[in-house]
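As written in TrEMBL, here are the features:
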DOMAIN    6-361  domain 'Major facilitator superfamily (MFS) profile'
TRANSMEM  42-64  transmembrane segment
TRANSMEM  71-90  transmembrane segment
TRANSMEM  96-118  transmembrane segment
TRANSMEM  130-148  transmembrane segment
TRANSMEM  154-173  transmembrane segment
TRANSMEM  194-217  transmembrane segment
TRANSMEM  229-247  transmembrane segment
TRANSMEM  254-273  transmembrane segment
TRANSMEM  279-300  transmembrane segment
TRANSMEM  312-332  transmembrane segment
TRANSMEM  338-358  transmembrane segment
Amino acid sequence: MIKKTFVVALSLGNFSDGYDLLIVSGVLGQIAKVLSLSNLQIGVLVSSAFVGSVIGALVMGVLSDYVGRRLSFIISGVLFVLGSMLSIWSSYALLLIGRIIVGFAIGGEIPTSATLIAELMGSNRAKIMSLSFTSWAMGGITALLVSIPLSALGYRSVLLTGAFPSIFLLILNRSMPESPLWLRKQRSFKRINWRVLPLILQQFLLTMALASLAAYVPSYLHITTESSGVVLWASFGTGSLLALLTLDKLGRKPVTCLGCGSAALALVAYHVIPFTLFLVWLWLSGGLVFSSTFTALAELTETSIRGRGHGLGFFSGRLGGALGTFVFPLMLYHVDAFFSTLGVLLGIISTVTSVYLMETRGTQIR
């Protein structure tokens, strides 16, 4: 029987990420004004958490295969709290360091939680994986709702609230068991199945688009309101729920290809459809892709290297996010070309995935 506390704890990593990304976006204008930041400094600040995630995904992915999933999860939670605490200082340098530490923690939390879901939830892993990505959307929506009343207290108070989900995660983690599969297989190390490459490339391209929009749309571009931001994140959650309903019925491969192809069409159509429709379409597709990708990654890698497999997938996504959030404010007049290029590349990857990716529905993970 699945304990609800385990599901909540394993979903809090994604919740924390969604919350942190949007809480920063909601006060980005205030930070830029108070600290007198240039566009370059804004790009560096926003991308810093993604850079931290790139490093964290690699380091913690390997660490989770050596010291265990549970300990890696706890270390990531502690680092998240410490990084959030640095936001109380009014120094750009310290804020930047704090954002890198938070990013490093996220890079550990999400791949490790995905690995634990795969190894603790048995045949329910696809449903729980999709549910965990729904919590990412819930984190974003919560951040939007929190930032509105608290913004009057200053950006430091708002950023400090990012520590609370991880504190709750650490409390719940006291009853979290170690993965029994890891305990049995920890001494047997094998190579990663490179059939996961299309999934890794999808994460890179799609996160580049999603992260740029999530970071800059609410406050920097002044295109949408808080209410439409809620709709945006609700769209991602809806996509994750669709994955929950379809992954075990249709299979990992069809859902992944459908989500990736749909995202590609949305990006190519960016300049000819209403902006709100573009956001909803793209983010709904993203919910499908993220849920199916991390489920398939779990089933294509063996227990002894599963932490590194999920870490590699998250590393790729955050590398795309770091690049996208750094470049986006510097190329506001070339957004059409930016999204169209990403759309074409995603379309190619979707085609490759339909041919190259193995179907893993019904696979018993080893």
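A Cβ is built for glycine as well, from the same backbone N, Cα and C atoms used for every other residue.
In this chain, the transmembrane segment (42-64) lies out of contact with the transmembrane segment (279-300); the count of Cβ pairs under 8 Å, excluding pairs fewer than 6 apart in sequence, is fewer than 3. Between the transmembrane segment (194-217) and the listed ranges 42-64, 130-148, 229-247, 338-358, the one holding the most Cβ pairs under 8 Å is 338-358. Taking pairs at least six residues apart, the transmembrane segment (229-247) and the transmembrane segment (154-173) share fewer than three Cβ pairs below 8 Å and do not count as touching. Sequence-remote contacts of a segment are chain residues at least 6 beyond its ends whose Cβ falls under 8 Å from one of its Cβ atoms, and for the transmembrane segment (154-173) they are 5, 8-9, 12-13, 15-16, 19-20, 23-24, 26-27, 30-31, 34, 70, 73-74, 77-78, 80-81, 84-85, 87-90, 102, 105, 109, 139, 146-147. Taking Cβ pairs closer than 8 Å, the transmembrane segment (96-118) reaches residues 10-14, 16-17, 20, 24, 44-45, 48-61, 63-64, 69-70, 72-73, 75-80, 82-87, 89, 125, 128-129, 132, 162, 166, 169, 176, 179, 294-295, 297-299, 306-307, 310-311, 313-315, 318, 365 in its own chain, all 6 or more past its ends. Per-residue pLDDT, averaged along the domain 'Major facilitator superfamily (MFS) profile' (6-361), amounts to 84 for this model. The largest share of C-beta pairs under 8 angstroms with the transmembrane segment (338-358) comes from 254-273, of the ranges 42-64, 71-90, 130-148, 254-273, 312-332. When each of 71-90, 130-148, 312-332 is checked for Cβ pairs under 8 Å to the transmembrane segment (42-64), 312-332 comes out on top.
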